[in-house]
Amino acid sequence: MELKGVQPSNGSANGNGTTNAASTEKTDAEKHTPERTNWGNGLEFLMSCISVSVGLGNVWRFPFTAYENGGGAFLIPYIIVLFLIGKPMYYLEMIMGQFTSQGTVKIWSVVPGFVGVGYGQAFGTICIISYYSSLLALTLYYLFVSFQSELPWSYCRDEWTNCVNSRPQEYVDNLLSGVSLANESARNFSAIGSVANEETEKLQSSSELYFLNVVIKEKLDISDGVGDPDWKLTLALLAAWVVIFLVIMRGVKSSGKAAYFLALFPYVVLFVLLIRAVTLEGARDGILFFLEPQWGELLNPTVWKEAVVQCFFSLAVGSGPIIMFASYNRFDHGIYRDAMIVTTLDTLTSLLGGITIFAILGNLAHNLQIENIRDVVRSGTGLAFISYPDAISKFKAVPQLFSVLFFFMLFVLGIGSIVALQSTIVTIICDQFKGLKYWKVALITSACGFLMGLVYVTPGGQWILTLVDFYGGTYVVFILAIFELAGIVWVYGLQNFCDDIEFMCNRRVSLYWRMCWSFFTPVMMIIIFIYSMVTIEPIKYSELYFPEAANIAGWLLFAIGAAQFPLWGLWYVSRHPQGTYWKSLKASMKPSERWGPANPETRREWVIFKNHKAAQRATQKDVSKLGFFWRKLTNFCGSNK
């Protein structure tokens, strides 16, 4: 199609070297438009993408998700999902951000009727930010107390009945004397151990009781409220947000420099922990337990759903950071290479993190003389704040050092992720209101993030975290990612999109990308989303079901996020009438005059390129012997010949 939003001058179009005065004046005015800040260099962008995509999801979430969904066999659906959904979505978001030099909302000048996708993703991002910062607060708390002469979770308090010390000798002595730890069926954070006989009293480790009674002061019923914020965790939450603000206050100028540390330091610690872990007794059993495939799970649709959820969570697609980071690139930056590096590194890091974690859990099972490693594995926060601290307390040499390294690594990983999420929100606001100072918006949004995070440092905070993550994070992000892909590929058109990529990257789009974007990726995502909705069950925390009011609040949260798409679409149609409502709706499905490269000179070159492509296809259509069906099929698959 011929572009009419911005036309080349007569001189440019005719090739005679002349331009009219009106075109010159317009060009000069456009040249005075402030340009977007760019990364200091391409490596800053790559490091920033690594810092957000290689985060807590790799070291924390992936090991347990893989273990619960087939062990080593989970890698097969995960890698398939990575190549058919993860990589295509990641590359697409990089392209959209770099091509337009705009954030998550402004990119929808490509299909203005889909602007609600950007606002909905912003809502989902805010939900994730709200609870993510509370995890940083917990991590900071454990980091601070790790400097004590004795790890505070390694021994029991007098008021804790049925408690077993996490310190190694006492633990083993208790086990050998016939007192064992039982897996508490009523709790997600179960006690470690086995039952010697039916009358054996159920015991809990000191690391578990420390987390539940000292750190979060957990409530097992939130029907009467969540309680008041804990002052220690509140201070840790405040410290986390101060660090976040300092990193993002100058935009990519400051976050780009911090990205080197945020991306590389965790690998240093992870390799140190890996070397230590694989040398521990029982490590081999833990690693084999993690990698041992359960082939029957491959036929379970839930496993494939979890692979998609893990892929989205790990790569941070569908929530805006990748688009935002890419928008600060130079227009000709080689993003294809970066997309391949980050997505591959993300998978390798997940595997590395899983081996490290399960090697240490294997050592924990060995020390406790427990044959089934399943009894020492926990999900969610229990893995990071119960199982791992419990294992560290049994290290014979300087357990404090390894505790500090582990929790500092978690904190850095978390900061890398939340910096990207928070910067996404700040960029959306600054794109919308050009006159606002970036640091002021960063300060205000950081203060709001701190206030929202207070609910998660209450005794009922883990309940709220589970609720918001399930309804406001996972499902909102997933459904809007489907609309995101559909808007670009099916409404704007894959052929147009491939032309834009060819112009920007100076390379043809391969069949792999075209087939993924046009068919495999959207179809798989739609099928998995429908399956998730059909098989959805009431959520639980610590094996306890949420109150009915909490479930209603969760569905309301999901509805608010998902409703952003149609509501903002209707708003755009009402604000841009084209006669009848049907004509206005059709107009909202076409690119606005703002769509295209931000730089005026690049934009004019792009218009010429697109019009040349349109004329070329019109000529080919006249002489082509292909039937109507085959022409439509090649257009659908984005053939840019």
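Note that Cβ sites are derived from N, Cα and C of the backbone, with glycine treated the same way.
ASN183 is the residue among ASN10, ASN183 that Swiss-Prot describes as N-linked glycosylation site. Checking ASN16, ASN188 against Swiss-Prot for the annotation N-linked glycosylation site singles out ASN188. Annotation: stretch 341-361 has the most Cβ pairs under 8 Å to the transmembrane segment (39-59), among 72-92, 341-361, 441-461, 474-494, 552-572. Proximity of distant same-chain residues to the transmembrane segment (474-494), defined by a Cβ-Cβ separation under 8 Å and at least 6 residues beyond the stretch ends, is recorded for 89, 92, 96, 108, 110-111, 113-114, 117, 120-121, 123-124, 127-128, 308-309, 312-313, 317-319, 514, 517-518, 521-522, 525-526, 529, 532, 557-558, 561-562, 564-565, 589, 591, 635-638. Here the transmembrane segment (109-129) lies next to the transmembrane segment (307-327) in space: the count of CB pairs under 8 Å, restricted to residues six or more apart, reaches at least 3.
When each of the listed stretches 72-92, 229-249, 341-361, 401-421, 441-461 is scored by C-beta pairs under 8 angstroms to the transmembrane segment (258-278), 401-421 comes out highest.
Through the fold, the transmembrane segment (72-92) approaches residues 53, 65-66, 290-295, 297-298, 303-304, 306-308, 310-312, 315, 317-318, 322, 335-336, 339-340, 342-343, 347, 351, 481, 485, 488, 513, 516-517, 520-521, 524-525 of its own chain, all at least 6 residues removed from its boundaries and within a Cβ separation under 8 Å. The predicted model assigns the topological domain 'Cytoplasmic' (1-38) a mean pLDDT of 44.
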